[in-house]
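Quick look at what TrEMBL annotates:
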ACT_SITE  Cys342  active site, nucleophile
BINDING   Asp249, Asp289  S-adenosyl-L-methionine binding site
DOMAIN    136-388  domain 'SAM-dependent MTase RsmB/NOP-type'
REGION    84-116  region 'Disordered'
Amino acid sequence: MTPAARLAAAAQVLDQVLAGEAAEKALIGWARRSRFAGSGDRAALRDLVFDALRRKRSLAALGGAMTGRGLMLGLLRAEGRDPDTLLTGQGHALPPLTPDERQAGRPPAPGPEASDMPDWLWPLLLDSLGDRAAQVATVLQSRAPVMLRVNLAKANPGQALAALAEDGIIAEPDPVSGTALKVGDGARKVAQSRAYLEGLVELQDGSSQATMDELSLPRDGKILDFCAGGGGKSLAMAARGGAQVMAHDIQPARMKDLPARAARAGVRIQTLETAALAQAAPFDLVLCDAPCSGSGAWRRAPEGKWDLTPQRLVELCAIQDGILKQAAGLVAPQGVLAYATCSVLRDENEARIAAFVSAHPDWRQIAVRRWDPGPSGDGFFLAQLRKG
Ligand SMILES: C[S@@+](CC[C@H](N)C(=O)[O-])C[C@H]1O[C@@H](n2cnc3c(N)ncnc32)[C@H](O)[C@@H]1O
């Protein structure tokens with residue numbers, strides 16, 4: 001496909017997304033209808049669609065319309081490219097600009113529009129991040145790095161880098177964590193590489209890895225990953241060796257791939273249904289990687305930024321409170337309760353810990369850390385608490 005045809009396809013997919021369809025679903029639908037497209041076309045289309053979704057508001061201002069065509073026009077203008085070279089109407093290209101379109105479009109207004117944030121969220125971001133808010137919003141406008149975690153149970157960073165290089169994947173150690181590698185070239189080959197298939201590396205965000213470095217992991221005893229999901233944190237904790245790692249999720253189906261992932265990584269992780277928790281307790285460490293707005297990771301999932309509502313945020317905070325309360329009951333007397341989110345919002349982070357400690361005065365915070373989204377990873381929050 002020509003660059004102009006890719007642009008036209010992206011405009012079509014974006015119109016479906018703006019009409020309410022999930023971006024992944026719209027992209028799959030397009031690929032099914034477009035058998036002529038190769039893997040390079042699909043990847044380029046995906047990049048165009050997600051680039052536009054990250055910057056939907058500012059691009060619509062520049063392009064003069066909140067439509068697929070308006071967003072693509074805004075993207076070209078933002079990149080200083082001449083729309084007339086791509087919107088030619090020839091072949092599969094979009095039709096040429098109309099006189100009205102030439103007049104339409106303006107620079108986005110400073111503040112939430114230029115920062116690609118919903119208006120209601122902007123004050124919360126300022127309250128949470130202070131003078132870092134605009135910088136964080138800017139980071140969330142561009143693509144996230146592809147980060148790998150070296151599985152220390154199977155390899156050291158040098159061995160992992162050498163194995164990746166055999167498959168043409170060029171990565172380098174990243175200062176965010178001793179286990180972190182940032183992929184430069186060959187990111188799309190990772191999932192088929194020997195290093196990945198043999199469990200030398202896992203795909204894991206850099207800040208998530210830094211969180212693991214920060215956690216007070218017990219040398220022996222038992223750890224519970226209370227909100228395990230696909231098990232990324234369970235795997236990272238198990239790779240450190242020592243304590244026995246157990247994984248739980250309110251939706252056990254989310255952990256369905258965990259046994260295979262653990263086998264590939266050469267570690268043991270026991271999954272627990274909710275009914276089995278009480279019998280397996282107490283745990284020396286309970287990690288709650290709680291469901292959240294995902295605001296620290298909106299580079300990867302930009303639709304979340306536009307779909308979040310004040311009401312949903314209130315609901316999420318209530319879920320987070322419930323999780324902390326339930327998990328606290330599973331911690332051993334001298335154990336640690338750890339609470340993490342991939343959100344940058346104070347409401348979901350410091351405010352939840354404050355609410356928990358106020359309702360449970362026998363608990364105190366022993367450590368807290370925030371990571372802003374940046375070149376090494378997503379925004380992340382980690383607080384650790386102990387009883388007494
Ligand atoms: C942020 S995700 C976890 C990501 C995962 N730890 C990882 O590293 O890949 C949050 C998970 O919490 C689970 N969850 C939601 N409410 C829960 C609850 N009340 N108890 C336990 N898990 C819950 C969700 O099903 C979801 O899988």
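Glycine is treated like the rest: Cβ placed from N, Cα and C.
A map of TrEMBL features onto the structure.
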residue	record	DSSP (3 states)
Asp249	S-adenosyl-L-methionine binding site	coil
Asp289	S-adenosyl-L-methionine binding site	strand
Cys342	active site, nucleophile	coil
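The number of other Cβ atoms within 10 Å of the Cβ belonging to Asp289 (S-adenosyl-L-methionine binding site), over all protein chains shown, comes to 24. Looking at the domain 'SAM-dependent MTase RsmB/NOP-type' (136-388) alone, the prediction's average pLDDT is 97. Across the region 'Disordered' (84-116), DSSP helix (H, G, I), strand (E, B) and coil residues number 7 helix, 0 strand, 26 coil. Within 10 Å of the C-beta atom of Cys342 (active site, nucleophile) sit 28 other C-beta atoms, taking all shown protein chains into account. Neighbours of Asp249 (S-adenosyl-L-methionine binding site), defined as other CB atoms within 10 A of its CB across all chains, total 22. When the Cα atoms are compared, Asp249 (S-adenosyl-L-methionine binding site) and Cys342 (active site, nucleophile) turn out to be 17 Å apart. Between the CA atoms of Cys342 (active site, nucleophile) and Asp289 (S-adenosyl-L-methionine binding site) there is a gap of 8 Å, rounded to the nearest whole number.
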